[in-house]
Amino acid sequence: MTDRYCVFGHPVAHSKSPAIHAAFAAQTGQTMEYSAIEAPLDDFAGAWRRFVAEGGRGANVTVPFKEEAFRLCDTLSQRARRAGAVNTLILGGNGATYGDTTDGVGLVRDLKRAGVDLAGARLLVLGAGGAVRGVLEPLLAEAPANLVVANRTVEKAERLAADFRDLGEVAGGGFDAAAGPFDLVINGTSASLAGDLPPLPDDLFSEGATAYDMMYGAEPTVFLRWAAERGAHAVDGLGMLVEQAAESFFQWRGKRPDTAPVLEALRASL
Ligand code: ATR
């Protein structure tokens, strides 16, 4: 039977993961299938069990199932335990389910691709939801000078910062407490989805700073437009999507695809 993989989401029809993994498989000569499956909102575990029974070997997990996927895993990577969520499920030889999260390494690899030097950098991360929690450990592993988490709901930023303080100098607060300059500002809020901009101070960016939005689209997000007007180098999250997929692919197949042509093709298709 051909090894099967999928992305679980709800909704999931517009996911770019099937196209990305098909490109990786073609590039590395892997015989595998990868589809998009809309799991029922009330039975994610059942959807995974059924998929495994039909030859499923692994899956990506997207909104809104990342926390539920975390809970069904028999074993977890260290970074997934920190994130409290998984985006990658792997079926072990013994039938056990192993969970990992590749979002953070995906983000770090894409930042490096964009020429960002994280070591010693002053970092501001906007948002304190699951998307941000999922990337903090890999960001802190790059040894930034410090990292500030700013959020609309201040207590959430404070709690998140406290959870990661053992890994580096991490502070949490409201948007108004984000006193720059920062070398890198990452927007991990979902404000861009609604076309909103968090209320940020004007003097946020250092000379040569990068603004990164974990969202992407055919047009730059409101945040990236705002940042570019203030002189920052603006990068969207399409590369993070491709890099997190590449890391999942590596976990499943033991092959590292070349992400550059896949990102280029995906960009052209937006
Ligand atoms: P995700 O898993 O994508 O992180 P989430 O856990 O719902 O989703 O978190 C969404 C994040 O975007 C939160 O940090 C949220 O701020 P609150 O914690 O105050 O709710 C932030 N967010 C959403 N819409 C926003 C907006 N219009 N302006 C500023 N922040 C916003």
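In case you wondered, yes, glycine gets a Cβ from its N, Cα and C as well.
TrEMBL annotations: computationally assigned, not manually curated.
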- Message: Starting from the shikimate binding annotation in TrEMBL that includes Ser15, Lys16, Ser17, Thr62, Asn87, Asp103, Tyr216, which of Gln244, Gln251 is the extra site residue?
- Response: Gln244
- Query: Where the distance is taken from Cα to Cα, which of the binding-site residues Gly127, Gly129, Ala131, Lys156, Gly237 turns out closest to Gln244 (shikimate binding site)?
  - Reply: Gly237
- Note on the structure: For Ser15 (shikimate binding site), the same-chain residues 6+ apart in sequence with C-beta under 8 angstroms from its C-beta are Val7, Gly9, Ala36, Thr62
- Message: Given the recorded positions Ser17, Lys66, Asn87, Asp103, Val154, Gly237, return the subset with CB under 6 A from an atom of ligand 1, ordered by sequence, or none if empty.
- Response: none
- Item | Distant-in-sequence Cβ neighbours of Gly237 (NADP(+) binding site), under 8 Å, six or more positions away | Leu107, Asp110, Tyr212, Asp213, Met214, Met215, Tyr216
- Message: Tell me the Cα distance separating Gly127 (NADP(+) binding site) from Ser17 (shikimate binding site), rounded to the nearest angstrom.
- Response: 24
- Using Cα-Cα distances with a 10 Å cut-off, which of the binding-site residues Lys16, Asn87, Asp103 are near Ala131 (NADP(+) binding site)? Asp103
